[in-house]
Amino acid sequence: MVFFTCNACGESVKKIQVEKHVSNCRNCECLSCIDCGKDFWGDDYKSHVKCISEGQKYGGKGYEAKTHKGDAKQQAWIQKINELIKKPNVSPKVRELLQQISAFDNVPRKKAKFQNWMKNSLKVHSDSVLEQVWDIFSEASSSEQDQQQPPSHTAKPHAEMPITKVPSAKTNGTTEEQTEAKKNKRERKEERQKNRKKEKKELKLENHQENLRGQKPKKRKKNQEAGHEAAGEEAAEASGPPEKKKAQGGQASEEGADRNGGPGEDAAEGQTKTAAGKRKRPKHSGAESGYKKKKMKLPEQPEEGEAKDHEAPSKGKFNWKGTIKAVLKQAPDNEISVKKLKKKVIAQYHAVMNDHHTSEEELLAIFNRKISRNPTFKVLKDRVKLLK
């Protein structure tokens, strides 16, 4: 769209609105284009259909404007309109309309859009006139197509002979480059995403294989350790039974000697003595082990004076009174803070009972009840004292 400025009043006007502005502004004799700055006197502005773009205006000396396909088609369409104006068989009313149409640079090339544009821009609402104008355009376009078709028919026989050419490496390279250039941004993005997914899968497989390799030696080590332990147990079992076997062998030899009788009786008696000695040894070792067990149990037993305080807890019960007394006796002056006493008693409870069902709130309630209701314990503010 071309814009002009009035040299008389300085108002900017579209090309379509120039005639209206001239009727309002009496001193308007010259119009200048906003983009290129050229001056147009009288009706010369009508020839100024298209002006330079902003890129051409501000691009500099080395700027080369890109040719758009739509512009080329529009110029061909306007050229066709100018040719139709010169034809003699066109009615004067239609010729005037064609002259008005040629002044525009945005003429549609399809029937429905063209007729709608005529109604809005040129204010032509009669359907008969619109049909006449479009019929002239359609006849001109069909005649051009008929003129262009014969050369294509003549060129067909030559095209029927197929020429087989061996594609060279250069042509293959150029075709590949062209196909890559033709790819859209979306296709390139999809290819990148696919490549990333493949790389991630490969990395996962490699990590999985490395983990499997690392796990196999660990399993072997575990199996070896288990084998060593089993071998040690078998060796320990094998070292124990030979005494029994020897004893059984001694008994068998005695029975054989009794059956056979004769000079082997002295030897049999000696064997029985050795077997008896070997039988007595395990008993001695058992007695020693029992003695050691008693020694281990002795430190845990309470003294006679403390026997009443530390009552042996029955199965499934915890001796709250005894543990509280024991903790208070260990404290200086048989006095300790409630917080420390609670911490020690509950820790002892968990160590003895291994009970995970009762909550901490229930344990605290039991602890507070035992302290407050027992007359042997005296609670003063935050401290507990054992009364003698």
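Each residue, glycine too, has its Cβ placed from N, Cα and C.
Worth saying up front: this structure is predicted, and the values here are computed from it rather than measured.
Residues annotated as Zn(2+) 1 binding site in Swiss-Prot: Cys6, Cys9, His21, Cys25. All protein chains shown were included, and the count of other CB atoms within 10 Å of the CB of Cys9 (Zn(2+) 1 binding site) stands at 12.
DSSP assigns His48 (Zn(2+) 2 binding site) to coil, not to a helix or a strand. Here the Cβ of His48 (Zn(2+) 2 binding site) has 17 other Cβ atoms within 10 Å, regardless of which shown protein chain they belong to. Annotation comment: Swiss-Prot describes Cys33, Cys36, His48, Cys51 as Zn(2+) 2 binding site, evidence class sequence analysis.
According to Swiss-Prot, the feature coiled coil maps to 174-216, an assignment based on sequence analysis.
Under the heading compositional bias 'Low complexity', Swiss-Prot lists 140-152.
Under the heading SUMO2 cross-link, Swiss-Prot lists Lys14 (among others). Counting every protein chain shown, the Cβ of Lys14 (SUMO2 cross-link) has 12 other Cβ atoms within 10 Å.
Residues or ranges marked as SUMO2 cross-link by Swiss-Prot on the basis of similarity to another entry: Lys204 (among others). Under DSSP, Lys204 (SUMO2 cross-link) is assigned to a helix (H, G or I) in the three-state scheme. Under 8 Å, Cβ to Cβ, and six or more positions away along its own chain, Lys204 (SUMO2 cross-link) finds no residue.
Per Swiss-Prot, region 'Disordered' is recorded for 140-318.
Annotated zinc finger per Swiss-Prot: 1-26 (among others), in sequence order, evidence recorded as sequence analysis. With a threshold of 8 Å between CB atoms, the same-chain residues lying at least 6 positions outside the zinc finger (1-26) that come near it are 32-35, 39-40, 45, 48-51, 103-106, 121.
Taken from Swiss-Prot, the feature zinc finger covers 28-52 (among others), and the record attributes it to sequence analysis. Same-chain residues lying 6 or more positions outside the zinc finger (28-52) and placing a CB less than 8 Å from one of its CB atoms are 2-9, 12-13, 15, 18, 21-22, 78, 103-105.
Every protein chain considered, the tally of other Cβ atoms within 10 Å of the Cβ of Cys36 (Zn(2+) 2 binding site) stands at 12. Note: the Cα of His48 (Zn(2+) 2 binding site) and the Cα of His21 (Zn(2+) 1 binding site) are spaced 17 Å from each other. For the binding-site residues shown (Cys6, Cys25, Cys33, Cys51), fewest C-beta neighbours within 10 angstroms: Cys25. When the CA atoms are compared, the binding-site residues lying within 10 A of Cys33 (Zn(2+) 2 binding site) are Cys6, out of the candidates Cys6, Cys9, Cys25.
For His21 (Zn(2+) 1 binding site), the same-chain residues 6+ apart in sequence whose C-beta sits under 8 angstroms from its C-beta are Cys6, Glu11, Val13, Cys28.
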